[in-house]
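**Q** Submitted below is the structure of interest, expressed as structure tokens.
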Amino acid sequence: MSSLTYDLTLAGLSVGAAAALSGIGLIVTYRATGVLNFAHGAIAMVCAYVLRGCVVEWGWPLWWAAALTLLVVAPGLGVVLERFVFRPLSVLGGDPARALVASIGVFVLLVGGAALLWGPGARDDAPVLVSADPWGQLAVVAVLGAAVAAVVRRTRFGRELRAIVDDRRLAVLGGVDADRVAAAGWAFGSFTAGLTGVLLAPYVRLDPYGLPLLVMEVVAVAVAARMRAPAVAVAVALGVGVAQSQLTRLHPSGWGEPLLHAVGANLFVVALLIAALALPGVGARDALPRTATARTPAPPGAWLVAGVLFLLPLGFAGRDLHTAVQVPALGVVLLSLVVVTGRGGQISLGQAAYAGLGALFTALLAAGRFPGLPRLPEPAALAAAVVLVAPLGVLTGWPAIGRRGLALALATFAVGVGVSRFVFDQPYATSGLSLGRPAGFDDDRAYYVLELVLLGCALTAVRALRRGRTGRALAAMRDHESGARAAGVRVPSLKLLAFVCGAALAALGGGMLGMGLRAFDPDAYDPVRSLLWFAAVVVLGADSALGALLAAALLVGLDAGTRGGVAAAVIGVLAVLVGRFPGGPYEALRAAAGRLRPGGPVGPTPLGARVRRLLRGPDTGPAAAPVPTGATATGAGPRGNRRGKGTPEGRRAPGRPAGRSAATGGRAGRGARDGPPAPPSAEDASGRPLGEGAAHGVPEGRRRAPAAPEGPPPVPRRTAGSPAVRPVGASAAAPASSPVLTARALYARYGGFTALGGVDLELPAGRVTAVVGPNGAGKSTLFHCLAGTVRPARGSVRFGARDITRMPAHSRTRLGIARTFQHLAVFPTLTVAENVRVGAEQGRVRDAGAVERTLRLLGLDGPVRALPAAGLPTGTLRRVELARALAAGPRVLLLDEPAAGLDTAEVAALARILGALAADGMALLVVEHDLDLVAGVADVVHVMAAGRIVASGPPGHVLGTPEGASGP
Ligand SMILES: Nc1ncnc2c1ncn2[C@@H]1O[C@H](COP(=O)(O)OP(=O)(O)OP(=O)(O)O)[C@@H](O)[C@H]1O
């Protein structure tokens with residue numbers, strides 16, 4: 001090896017060793033606590049300052065100061081953070097959303113605190129603890145790595161750590177003290193952060209912003225190791241360090257030179273981009289900000305006060321007015337986060353990049369230096385910059401399609417860092433780009449007026465995005481992404497739209513900021529700003545435009561009136577505390593997570609009576625009879641028509657609700673389409689009023705599906721005079737018409753495990769098909785294959801003649817296949833009526849009357865319609881979900897355990913509804929454990945076991961009598 005190669009390798013190993021330390025620390029903290037510590041770099045910076053303070057300012061001996069910094073301050077900081085920030089959050093439920101916001105809050109707090117305490121300027125006199133010679137640093141890494149491996153493998157603590165990583169709840173139940181493990185994880189993580197900080201500080205700029213960011217860039221090595229294997233992190237860190245160092249030897253000429261130079265100087269950023277964007281996302285648990293986005297209505301008069309406050313600076317002069325000019329511009333930037341994070345529910349830790357691009361492009365266009373475009377006057381340059389930056393929103397919008405939570409946070413952070421390093425830090429941008437203001441608005445007062453006008457436009461745009469169909473779809477996506485897909489919302493395009501609109505607004509605000517400062521200043525848009533702005537918007541109400549304006553005023557005002565760093569410190573404290581405010585925005589998440597309180601302001605309504613009334617149509621007339629929306633709108637109700645022409649009642653399965661037979665008798669179904677209203681007292685042959693029969697069909701003590709049987713499933717009994725149970729795959733009650741939805745030879749696998757082993761299923765129109773079976777039989781997997789949320793390994797799903805095996809969930813809904821969820825999927829921040837409206841707006845048919853009809857059908861047309869879904873009782877929410885599905889006008893309705901969480905009366909009411917829907921021609925699939933409900937509504941029951949359908953037939957035969965089949 002030549003001596004140059006050798007020297008460069010040593011230099012690379014030195015950098016790599018520091019990165020490896022951080023990687024090990026980040027992984028250990030993450031494994032012990034589930035938190036990706038965004039404050040890691042800030043802790044490193046604080047420790048470097050503490051060591052410098054002890055040695056340089058107080059004259060302590062280096063090794064004493066190092067011992068204090070690394071063995072007391074750093075781990076102590078970790079323990080304090082665990083005890084006072086993260087433990088309270090884990091007590092509140094261990095929500096990763098709160099932890100992410102809190103760790104960003106800690107980052108911002110430490111950075112702001114450091115700026116306050118030590119000033120924002122860079123120090124170049126940090127003491128050298130270990131020489132630049134890499135062997136000492138490598139030795140430290142090797143010792144630490146070996147120690148971590150030994151502790152994890154051989155000690156009790158390591159066993160506890162592994163137990164917590166495997167299953168935290170189970171570990172706690174097993175007696176593991178999770179808090180102790182978490183505290184140790186934080187202490188160790190902070191120790192490694194401190195070590196990284198003191199090792200790096202002498203060789204880089206020690207300042208409150210630069211060092212934390214530098215350390216956070218090496219999160220790449222932990223992500224590349226999937227936040228799991230410290231050894232992989234060490235290998236990646238050393239490899240990237242050496243490669244980065246060796247790249248400095250290459251000197252290509254032409255356009256390649258600046259590129260290679262940029263890459264060579266930022267190889268860890270390249271690694272971060274690859275790890276965060278190209279590798280599958282880590283920590284993709286559903287995180288953020290729908291949690292932080294519940295909208296608290298602004299207090300009355302708040303907008304008036306805000307208006308007056310924003311007009312006040314017009315009376316300012318000199319420096320004050322010059323400073324105030326930043327507020328509306330920053331307000332516009334923060335509004336971009338309201339769109340992306342508040343409304344769309346997407347994390348964006350890269351928003352400063354778009355703001356910076358807006359300013360940079362405006363400056364380049366106004367100076368005539370933008371490649372391929374002529375020099376433009378300032379207003380046109382700003383407009384053109386917005387138009388050019390908007391599509392770049394896909395840089396963060398694209399990763400958002402497949403990533404959520406931490407994975408998305410990392411991806412957007414990586415894009416922000418990448419743009420900062422590869423675009424803003426380049427000579428053309430750092431050499432001093434001036435930026436003029438539009439003609440006539442040169443002085444601060446006139447420019448401020450112009451900014452207020454632009455801010456007004458931005459507010460109008462944000463308001464428009466919050467209202468109407470798109471606004472509701474965005475809120476639905478934020479509240480419950482799978483629920484939104486099921487409602488027909490095109491989630492991927494909507495995410496892109498949110499990020500593109502966000503990028504446009506950020507670019508506008510960034511350009512305004514640049515004009516305010518009369519220059520493009522790369523530091524004004526560095527990635528630390530992204531974190532600060534994100535935290536500021538979240539703590540002041542991410543879905544609140546007023547909150548964004550307040551945040552802008554606070555950020556500018558606090559720093560202008562005091563020492564730089566106060567604003568960051570205040571926002572940091574608020575972000576650390578935000579997850580702990582009782583009744584705060586996080587309540588929305590709790591509701592969304594299904595932990596709904598058992599009672600609520602609105603109790604279950606007498607559904608049966610409403611159905612009966614609607615079937616009769618006394619107050620609505622025949623046109624509004626209770627036919628499910630889609631069928632009414634299209635007139636497509638083949639089954640209803642067929643039955644109207646005399647479907648034999650004898651086909652009714654034993655136990656079928658009487659109400660169902662009334663509906664299937666042709667009265668209601670035909671009435672809806674053909675005009676004549678059903679007789680006022682719709683009764684079935686037995687003379688029972690409609691609706692009561694359903695309750696009759698569901699005995700008090702409801703049967704549940706038996707637990708997984710030992711051995712083969714029982715052979716269903718054959719009753720005299722009834723058809724035998726059909727072989728697998730054959731439909732017992734096969735209708736004359738072809739099925740609406742057909743599954744053929746479906747195979748589904750999870751890894752190497754076959755969950756479906758060749759399932760055939762047909763869902764005929766006008767029939768309720770039920771699938772029952774023990775836990776783990778594959779029912780949900782089959783359901784998911786039909787709904788489009790699991791792609792089968794083999795086999796096909798057809799809707800009529802159309803092959804939809806590969807069609808995504810939202811497209812299936814738009815085609816006419818609606819579904820409900822086992823765990824409620826409602827949109828808690830939307831009202832009941834808005835929930836249903838989302839279904840009607842995104843579904844198969846666009847029918848203006850669908851919302852009202854469906855609300856009436858489900859008994860939701862009273863005062864409850866105007867209440868937010870959050871906090872309503874489970875029974876009501878099940879109806880809301882069903883109403884949303886029906887409002888889409890489906891031809892097939894898939895119900896996953898629709899009776900879960902319902903009481904007996906609610907189940908009876910549900911049975912009546914399902915019966916009426918089938919009577920109207922809809923094809924229904926019910927996957928259910930409640931055998932009495934199944935017996936009451938199903939035409940045909942399929943029994944699944946071990947991924948196959950093992951028996952099929954009418955419920956009376958497959959399930960036997962209630963007594964005979966009683967389960968536990
Ligand atoms: N995401 C997954 N990864 C790995 N295995 C899975 C996954 N989902 C389900 N399985 C396994 O596939 C099998 C079938 O699961 P499925 O949820 O479809 O059964 P099920 O009949 O719906 O059970 P339950 O009534 O408990 O919901 C089970 O053994 C389950 O453990």
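Yeah, the Cβs are placed from backbone N, Cα and C, and that goes for glycine too.
Okay, these came from TrEMBL:
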- 63-85: transmembrane segment (TRANSMEM)
- 97-119: transmembrane segment (TRANSMEM)
- 134-152: transmembrane segment (TRANSMEM)
- 209-225: transmembrane segment (TRANSMEM)
- 230-247: transmembrane segment (TRANSMEM)
- 259-279: transmembrane segment (TRANSMEM)
- 300-317: transmembrane segment (TRANSMEM)
- 323-340: transmembrane segment (TRANSMEM)
- 352-368: transmembrane segment (TRANSMEM)
- 380-398: transmembrane segment (TRANSMEM)
- 405-424: transmembrane segment (TRANSMEM)
- 496-520: transmembrane segment (TRANSMEM)
- 616-736: region 'Disordered' (REGION)
- 620-636: compositional bias 'Low complexity' (COMPBIAS)
- 655-665: compositional bias 'Low complexity' (COMPBIAS)
- 722-736: compositional bias 'Low complexity' (COMPBIAS)
- 741-968: domain 'ABC transporter' (DOMAIN)
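So that I understand the layout, could you describe where these features sit and how close they are to other parts?
**A** Sequence-distant neighbours of the transmembrane segment (63-85) (same chain, 6+ residues past either end, Cβ-Cβ under 8 Å): 29, 33, 39, 43, 46-47, 50-51, 54-55, 102, 105-106, 127, 129, 179, 182-183, 185-191, 193-195, 198, 576.
Same-chain residues lying 6 or more positions outside the transmembrane segment (97-119) and placing a CB less than 8 Å from one of its CB atoms are 33-39, 41-43, 45-46, 49, 53, 81, 85-86, 89-90, 208-209, 212, 287-289, 291-292, 347, 349, 405-406, 409, 528, 531-532, 534-535, 538-539, 563-579, 586, 589.
Sequence-distant contacts of the transmembrane segment (134-152) (same chain, at least 6 residues past either end, Cβ-Cβ under 8 Å): 10-11, 13-14, 17-18, 20-21, 24, 28, 158, 161-162, 188, 192, 195, 199, 230-231, 234.
Through the fold, the transmembrane segment (259-279) approaches residues 19, 217-221, 223-224, 226, 236, 240, 243-244, 247-248, 250, 252, 399, 407, 410-411, 413-415, 417-418, 421-422, 425-426 of its own chain, all at least 6 residues removed from its boundaries and within a Cβ separation under 8 Å.
Same-chain neighbours of the transmembrane segment (300-317): 324-325, 327-328, 445, 448-449, 452, 455, 546, 549-550, 553, counting only residues six or more beyond its ends whose CB sits under 8 Å from a CB of the stretch.
Long-range Cβ contacts of the transmembrane segment (352-368) within its own chain (Cβ-Cβ under 8 Å, at least 6 residues beyond either end) map to 333, 336, 374-378, 380-382, 384-386, 388-389, 392-393, 395, 415-416, 418-420, 423-424, 429, 433-436, 502-503, 506-511, 513-515, 519-520, 522, 524-527, 529-530, 533.
If one looks beyond the transmembrane segment (405-424) by at least 6 residues along the same chain, the residues whose Cβ comes under 8 Å of a Cβ in the stretch are 36, 38, 96-97, 100, 213, 216-217, 219-220, 223, 262, 265-266, 269-270, 272-273, 275-277, 281-288, 346-353, 356-357, 360, 395-396, 399, 430, 522, 525-527, 530-531.
Note on the transmembrane segment (496-520): residues 325-326, 328-337, 339-340, 343-344, 346, 348, 351-352, 354-363, 378, 381-382, 385-394, 396-398, 400-401, 429, 432-438, 447, 451, 454, 458, 461-462, 465, 470, 474 of its chain, located 6 or more positions outside it, place their CB under 8 angstroms from a CB of the stretch.
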**Q** Using Cβ atoms and a strict cutoff of less than 8 Å, what residues sit near the transmembrane segment (380-398) while being 6 or more residues removed from its termini?
**A** 348, 350, 353-354, 357-359, 361-363, 365-366, 373, 411-412, 415, 419, 438, 495-496, 498-504, 506-508, 511-512, 515
**Q** Average pLDDT across the domain 'ABC transporter' (741-968)?
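**A** Computed over the domain 'ABC transporter' (741-968), the mean pLDDT is 88 on the 0 to 100 scale.
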